[in-house]
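Features reported for this protein in TrEMBL:
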DOMAIN    420-676  domain 'ABC transporter'
TRANSMEM  97-118  transmembrane segment
TRANSMEM  130-151  transmembrane segment
TRANSMEM  171-200  transmembrane segment
TRANSMEM  212-233  transmembrane segment
TRANSMEM  245-263  transmembrane segment
TRANSMEM  270-289  transmembrane segment
TRANSMEM  325-348  transmembrane segment
TRANSMEM  775-793  transmembrane segment
TRANSMEM  813-836  transmembrane segment
TRANSMEM  857-879  transmembrane segment
TRANSMEM  891-908  transmembrane segment
TRANSMEM  920-941  transmembrane segment
Amino acid sequence: LAYASDALLKERGIASRDADLASLPNGGWVVPLAEMAARFWTETDAGRAMQAKLDNRFDRAQSHPAALVTTPYALTPLQALAVVTQRQVLLVLKDPVLIKGRLLQVCVIGLILGGLFYDQSHDLAGARSFFGALFLSVMFMAMGSMPQLAITMTSKPVWYKMRDARFYPGWVHAVATAIAQIPVAAIDTAAWSLVTYFMWGLYRGPGGGSYFFTYYLILLAVNINCGALFRAIAHIAPDGVSANSYGGVALLVLIVMSGFTIVRGSIPDWWIWAYYISPFAWALRAVVINEFTSPGWDTPSPEVPGQTLGETALLTFDFFTERKWIWGGVGFLFGTTLAFTAVSALVLQYTSPKTVARVADEEAIAEARKEAAARRAAQRARDTEMTPVANPAADGKAAAGVPAVSVTVSSGLPFTPVTLVFRELRYFVPNPAEGAGGDGKGAPPARLELLKGITGFAVPGTLTALMGGSGAGKTTLMDCIAGRKTVGEITGDILVNGHPKDQATWSRVVGYCEQMDIHTPAQTVVEALQFSARLRLPSEVDDERVKAYVEEVMDTVDLTPLMYDLVGAPGSGLGLSVEARKRLTIGVELVANPSVVFMDEPTSGLDARAASIVMTAVRNVARNGRTVMVTIHQPSIEIFESFDMLLLIQRGGRTTYFGPLGANSCHLITYLTSAVPGTPPVTPGYNPATWMLEVTGGSMATLVQAVDADWPALYAASQQARDTAEHADALVEQCAAACKPLSLPSQYAQPFSVQWRVLLKKFWSAYWRNPGYNFVRIAMTFCASWIYAAVYWDQGQVPKENANITAVQAVMGIMYASTNFLGMTNLMSVMPMVAYERVVFYRERAASMYNPFAYGIALAVVEVPYLLFQTIIFMPIVYWMVGFEPSADKFFYYLLMFFESIAFYNIFGQFIVYLTPTQGIAQVVGGGFNFLFNIFNGFVITY
């Protein structure tokens, strides 16, 4: 009412400006919105002008035909297909590790199989070995396409963005992706065919070239077909775990219905339809007919008059004998490839990822705050507050004293203040261009020098900024000081309280906030903080004090309202926002009560408010007596002025300035303007950080032109550099005399048992909160058990009289398939589950949070209940319905072996993920090992 005129108040019958709004008519509005809208159109010039234009409708006959866009996409379908195909081929070529790894796998396994089935005899006794070899050949092509699941899942988020922006339709993406994979499939199949065809002794006589190229064409068709199948499955599946599980079930059905693990005549009538629609069955049928109807097998059969040897061998396994099935198989494979591609196109065009909005539970947060206040009050009653001792000054002059041995923050957790000095720091890495030839100026050097003699220091209670243009070496310098570099050579001195740095101890007292915010997606905020605190704080700090400290840190970084939110994975649309994730990264390091905190661009990607919150937390950390170094890129004036010291690095790892900023950046401005006469002064109100980068050439000039000078050389010859070196030497002498080298009683803060317990709790929560992974594999186990039971119904015992190869093949087939293929699907399903967790492990290992053996054991143990559940679901259904011997000891022995088998595959899948650099390569390696297991398990080739 303060803004309403007296005339309006009188008109509306409002006696006083202090009247209660709730008592007013029209819902508390002096002028209702509907009345405002009506008056806009009738009583304002803008409203009347707009209404006049609306009343005078435009005559569309006067419009040019090209005035409005009438097509949803900028390119024609053929243009879009050409552009997208070129892009997809480029993406394939930019993953040479996957291509070379797959080709190496093809050659190695091909040679192994070639040696195992080398030059088999062409008789009925050797026929089964040929069938086994050709079965493995088709299966290898099928399993080799499984990495398409991971590749496709990775590209889906990008596709959804392009689809929403109307780049091109879904069918273009599906067709282009399929076309881009054909050259790779052709090369893989050619290498496999050349190795296996001739080493196995397949037909090489007159006209053998046509048989070889038919063999190659069939394998190429099944390779392309299964690639299209797995891409369709990945497009349908909501996540990587589901995709791998669906792919495993599809492969299981394909192999069971291939006509080899159970022959066609033994398949129950209610499943025979699956045999005739299985691409695997068509491929195997075509490839065996191609060989066994060749002239190499046309000798008369010794057992069946009127049949050739090849026909008798084919009929033994209930295969057809006419060559028309070869081209029918090729046609079926390419036809279903088109069908799978069409499914991909429809799914891409009409489905979208699911997103879930998360709203904080206000009652839970209020209760948590009440508990936190009570816990802090009780903690303050027990602890004695200590005042931090004065620390060395940050103005570039020698300190009057040295840091005290320990200070205490508000929760009573002591830490050792650290004075950090680095002198003449250089970093060399191997030159990737070495050996590639020179450019006319001689051979390239063997090593590249990324940091060139950087000297500086950071003292407790100060905030030091590391700045420079892109590629200057800010993060590299911080990584070298923190001990995070695993490649190359670091020279120079890194001194901690006057003594050489010991990395084992240093990693325990340092908190490193990486630029990439890496956390376990299935943890809540409070769980992530408590996990870090419990493993990094010493055993003397009990659980109640840990919780109290975590709650204070949550308040400091403004995470209390989000304490029960899941962290989520970046880019998934679920979990924390970018700025909340950044604050969690800082909080995870702060709860470790570190003496030194390194932060790599903590404000990147944040808006002004979020950046202000984060930097307020950073300043509070420094004011508590900790040593803080921050790399930062183009900060605002307020953020820049909050730093005490500045290390400015130029591209190439050379120091442009190190020293105090001073009030309003006066020390920095004075140095830069005096170092080179004529340097443009900073204008009032202009950001000194931006001005500094522009005049020194660290960023693109906007208002200030870069000064043409060798700033690092000027600094090296300046009095400022000499003062820095003298001050660094003085700090080293003083701290060395007053402080002992940092030492800790053990490598890790917690004993092995506590590490294992805390890790197991973390993984248990992560697995429980990932129902997609557990539900999918349990549902898959249930479905697979009924598939096996229905297909192998009452096939579990070999007749004691008149036993034939068909009955033996069925019994061996169910044992082989049940233990091997469910294990294989488990192996593939666990990979995306732990793939992201691997990156988290690298961060936590660098912080010396736990013993890697405790991590591995916890990761394996958490799988046991779910594996037992799989076993309990699968075994009773399969064992009794298949009709194995009704004996308790045999049942439980089979159950035990089944459990051990799937447990091995699960843990082996985890091992491969941590062994390889990417999930795609892990799937290639896993598929290769699984194929080797198939070869040597005694079914395909006998012992």
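Just so you know, glycine gets a Cβ as well, placed from its N, Cα and C.
Take the transmembrane segment (920-941) and the stretches 97-118, 171-200, 813-836, 857-879: counting Cβ pairs under 8 Å, 97-118 has the most. Within the same chain, the transmembrane segment (245-263) stays apart from the transmembrane segment (325-348): fewer than three Cβ pairs sit under 8 Å, each pair at least 6 residues apart.
The stretch in closest packing with the transmembrane segment (775-793), judged by the count of Cβ pairs under 8 Å and taken from 97-118, 813-836, 857-879, is 857-879.
Below 8 angstroms of C-beta separation, residues 146, 149-150, 153, 239-241, 243-245, 247-249, 251-252, 255-256, 260-262, 521, 569, 770, 773, 776-777, 780-781, 784, 788, 792, 795-796, 859, 863, 867, 870, 874, 878, 882, 897-898, 901-902, 904-906, 908-910, 912-914, 919, 922-923, 926, 930, 933-934, 937, 939 of the same chain, each at least six residues beyond the ends of the transmembrane segment (813-836), sit close to that stretch. Proximity of the transmembrane segment (171-200) to the transmembrane segment (857-879) is not established, fewer than 3 Cβ-Cβ distances being under 8 Å for residue pairs spaced 6 or more apart. Counting Cβ pairs under 8 Å that are 6 or more residues apart, the transmembrane segment (212-233) and the transmembrane segment (325-348) reach 3 or more and are in contact.
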